[in-house]
Amino acid sequence: MLDFLKRFFGSSQERTLKKFQKLVDKVNLYDEMLAPLSDEELRNKTAELKKRYQDGESLDDMLPEAYAVVKNVCRRLTGTPVEVSGYHQNWDMVPYDVQVLGAIAMHKGFITEMQTGEGKTLTAVMPLYLNALTGKPVHLVTVNDYLAQRDCEWVGSILRWLGLTTGVLISGSPLEKRKDIYRCDVVYGTASEFGFDYLRDNSIATSVDEQVGRGFYFAIIDEVDSILIDEARTPLIISGPGEKHNPVYFELKDKVADLVQLQRELCNQLALEARRGLELFLDMDILPKDKKVIEAISEFCRSLWLVSKGMPLNRVLRRVREHPDLRAMIDKWDTYYHAEQNKEESIEKLSQLYIIVDEHNNDFELTDRGMQQWVDKAGGSAEDFVMMDMGHEYALIDGDDTLSPTEKINRKIAISEEDTRRKARAHGLRQLLRAHLLMERDVDYIVRNDQIVIIDEHTGRPQPGRRFSEGLHQAIEAKEHVTIRKESQTFATVTLQNFFRLYEKLAGMTGTAITESKEFKEIYNLYVLQVPTFKECLRVDHNDEFYMTEREKYHAIVKEIARIHAVGNPILIGTESVEVSEKLSRILRQNRIEHTVLNAKNHAQEAEIIAAAGKLGAVTVATNMAGRGTDIKLDEEAVVVGGLHVIGTSRHQSRRIDRQLRGRCARLGDPGSAKFFLSFEDRLMRLFASPKLNALIRHFRPPEGEAMSDPMFNKLIETAQKRVEARNYTIRKHTLEYDDVMNRQRQTIYAFRNDVIRSEDIFGLAKEAISHVALMIASLIVSRDHPTGNSLPRLEEWMNYSFPLQLNIEELKRLKSIDAIAERVADDLIEVFQNKFASMVQEITEAAGEKVDANGVCKDVIRSVMIMHIDEQWKIHLVDMDLLRSEVGLRTVGQKDPLIEFKHESFLLFESLIRDIRIAIVKHLFRLELTMTREQRPQNVVPVVATSFQNNENFGPLELTVISDSDDE
């Protein structure tokens with residue numbers, strides 16, 4: 001029925017394209033009408049359109065005319081020189097109808113999927129121009145600084161011709177110039193720069209003048225799938241150095257290395273014993289039918305199954321798995337031990353290992369033997385694996401009648417410190433093991449200049465300045481014997497998911513989005529529209545070639561390169577990691593094939609390498625870096641011989657990455673071809689291929705070196721990729737559910753902080769905080785049942801200790817109700833506060849004269865105190881939330897939903913945060929001290945007021961130094 005309706009009415013995509021095509025026709029009609037106008041008259045259209053918007057006309061109504069203005073300008077500029085990134089070129093672009101259609105979709109809030117070379121950059125100019133007419137902030141978000149700079153210089157010239165201002169925001173943009181950049185009508189920049197400025201404005205800036213942003217109205221995200229999906233789980237973090245080194249990594253690094261080496265030796269021994277037993281059978285196409293022989297082979301395969309749980313990448317294991325029947329036996333043991341009825345036997349077998357490595361879920365677990373080895377041989381402690389039950393420990397202390405109250409407090413402090421030490425040690429141990437077992441050099445990171453540099457798993461690009469969180473970076477530094485740097489302290493953080501949801505309107509463009517359309521809709525409420533190509537794509541997509549082993553695969557790849565290279569086609573070989581790119585480069589050198597390598601280690605030459613990759617006979621080996629944001633332009637000779645030939649050395653876990661690699665060839669009507677080579681040892685095949693595929697391998701086992709190629713295999717691979725994508729989507733959605741809790745708290749705190757920065761009535765905010773604290777303390781101390789009893793002296797004692805306030809106990813007793821008492825205390829505190837600051841204003845005026853705005857000085861002091869304590873308490877809260885997030889997963893043991901528990905406890909933490917902020921502010925305000933310093937100044941110099949905070953931990957005193965230009969000594 002659904003198929004019938006689609007045939008009758010057309011699909012949703014077809015209906016949308018048809019509707020937008022009507023607007024395209026209107027744009028072309030306006031374009032013809034604008035042709036007779038002079039350049040000056042066309043420029044004046046911008047002011048006219050702005051006026052019409054201010055008078056109430058909607059952007060949707062103005063769209064056809066505004067887009068026609070941009071199109072007409074592009075036509076008029078044809079042949080004029082434009083400088084882009086230091087290169088001189090002539091303008092030669094006028095938007096095609098499909099580009100206008102894509103531009104309409106972006107304004108309507110769609111993600112437009114446009115193929116490589118179809119002109120996404122020019123397409124974006126039209127919605128940028130239209131939305132900039134509002135005068136509100138309009139941003140174009142790119143994946144790197146180079147593209148931001150290029151696009152601003154290149155297509156930004158259209159906007160500047162029309163009288164709009166453009167700015168570019170890159171990592172080197174000085175802070176003092178950023179405010180001017182944000183004032184531009186259209187700003188180009190990277191996601192991280194926009195995000196970090198948002199965090200700086202809300203966590204570091206202490207005045208309106210220091211804040212650079214002006215809001216979030218409309219953004220177009222280039223390569224939107226990379227930013228909103230691949231980078232979604234990577235938070236933007238502003239941090240500073242921690243107070244001290246965590247000594248755990250120094251203490252444990254050698255011990256952990258020894259334990260991992262023991263595991264390696266054990267697995268190597270098991271693997272070699274199995275190899276000796278299976279030596280005779282490795283070269284047999286068909287195993288013997290003898291029952292006893294099969295049983296013996298099966299036992300050796302059982303040992304190799306155990307090796308797969310301790311060292312998944314063991315060389316002997318990989319060699320044996322090349323044989324389809326032996327591979328099937330190992331997999332059979334895996335199925336056997338996963339069965340519920342064999343769980344005890346599985347536990348007993350796995351207990352032979354020191355560590356169980358779960359490659360599928362990227363996790364590991366220490367066995368009892370591993371823990372014992374840690375204690376006996378590695379010099380560890382059994383306490384490293386036992387966390388303290390603080391409730392039980394505190395109950396024991398409280399129940400010990402031999403201890404005095406002071407001794408009980410000291411004992412609890414000691415217990416708490418011991419618990420903190422154990423947790424830090426256990427966390428450090430786990431991160432060191434993770435670094436050794438799950439993080440691979442030249443895959444997850446590279447070592448450069450005594451530093452660990454992260455490699456982006458999706459783009460293959462190095463990420464200098466980024467650090468793995470939660471101590472993992474320090475653990476890798478310890479593993480690689482580079483300088484272990486201090487752990488950083490987080491000042492502010494936000495995920496890209498929640499940052500981009502700040503915009504009123506959001507759109508995107510990419511060449512690969514349709515496979516993730518469900519996620520875009522559910523998380524960002526963005527629909528994907530596939531825009532038709534201007535010219536038919538001439539790419540030839542060959543079926544994947546499957547080989548049994550990695551060795552056979554690389555041999556076939558080299559043969560393919562040699563064959564194509566002989567014809568002269570430029571070749572781009574895509575690899576999944578730095579390690580693989582360097583391995584393939586060695587093989588090509590051995591075969592004397594000239595080539596260029598592009599990976600995270602030489603990314604600085606990217607533009608130069610890509611510029612040469614389309615020349616006749618060029619061979620380029622690249623990681624995923626070459627898959628996005630780069631157009632490989634062919635020279636004329638390369639077009640004649642058939643264009644760029646793309647070779648994929650494996651399938652990525654995401655179909656989008658494969659599509660990006662294919663999309664490097666056959667751009668804008670050029671010829672080209674693409675082919676992927678796979679082996680059954682590839683990670684995707686090993687971990688996610690279906691049992692059905694393994695059965696087919698055994699049945700169709702080809703001779704050595706011969707490929708298997710069939711559309712059916714392609715389908716099975718796509719199924720495996722969909723399975724991985726679904727899992728990753730679930731993880732991202734799960735992460736967002738937790739971050740949404742944090743996001744609501746972040747927005748509340750940032751709103752409060754901005755109120756403090758911008759408020760003209762800062763005294764009113766301070767009095768509000770004082771009132772809250774007084775009401776809270778009175779409510780906590782004074783007994784609700786007997787408000788006139790013994791609790792009033794305790795309230796008086798606390799007030800005398802915390803504030804210079806003498807309470808009239810007799811008067812409070814006459815008030816009877818706790819609410820009335822709390823209100824009276826609040827009123828008394830506010831009166832003391834007002835008198836204190838009135839006195840300070842008078843002293844400043846007497847000391848500095850009328851030239852100093854004494855009232856303004858006091859307001860600035862109050863503002864500074866409030867901001868300081870908001871920031872300090874927020875930093876502590878971020879640490880508490882991280883700890884809660886890491887611990888809450890254990891609640892599943894008690895049959896509790898971790899997310900519900902997280903929401904509940906984070907709410908309690910947030911209530912505590914608000915309370916602590918108010919108490920800290922109020923205590924500090926009442927402990928301010930004024931120190932007057934007079935210095936001789938020239939008569940014309942305006943007095944300078946400097947403030948410094950001392951003893952912040954004790955909330956004071958704050959020293960206010962007034963430097964006067966008075967002649968008095």
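Glycine too: its Cβ is placed from the backbone N, Cα and C atoms.
Per Swiss-Prot, the features are as follows:
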type    : residues                                : note
BINDING : Q99, G117, E118, G119, K120, T121, D631 : ATP binding site
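Feature map: annotations from Swiss-Prot on the structure.
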residue: Q99; record: ATP binding site; Cβ within 10 Å: 28
residue: G117; record: ATP binding site; Cβ within 10 Å: 21
residue: E118; record: ATP binding site; Cβ within 10 Å: 24
residue: G119; record: ATP binding site; Cβ within 10 Å: 18
residue: K120; record: ATP binding site; Cβ within 10 Å: 23
residue: T121; record: ATP binding site; Cβ within 10 Å: 18
residue: D631; record: ATP binding site; Cβ within 10 Å: 13
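Binding-site extent for ATP: residues Q99, G117, E118, G119, K120, T121, D631, maximum pairwise Cα distance 18 Å (rounded to the nearest whole number). Sequence-ordered, the extra residues of this chain that approach the ATP site, with Cβ no more than 8 Å from the Cβ center of Q99, G117, E118, G119, K120, T121, D631, are M114, T116, L122, T123, L668.
D631 (ATP binding site) falls within neither a helix nor a strand when secondary structure is assigned with DSSP, and so counts as coil. For the recorded site, Q99 (ATP binding site), the DSSP three-state label reads helix.
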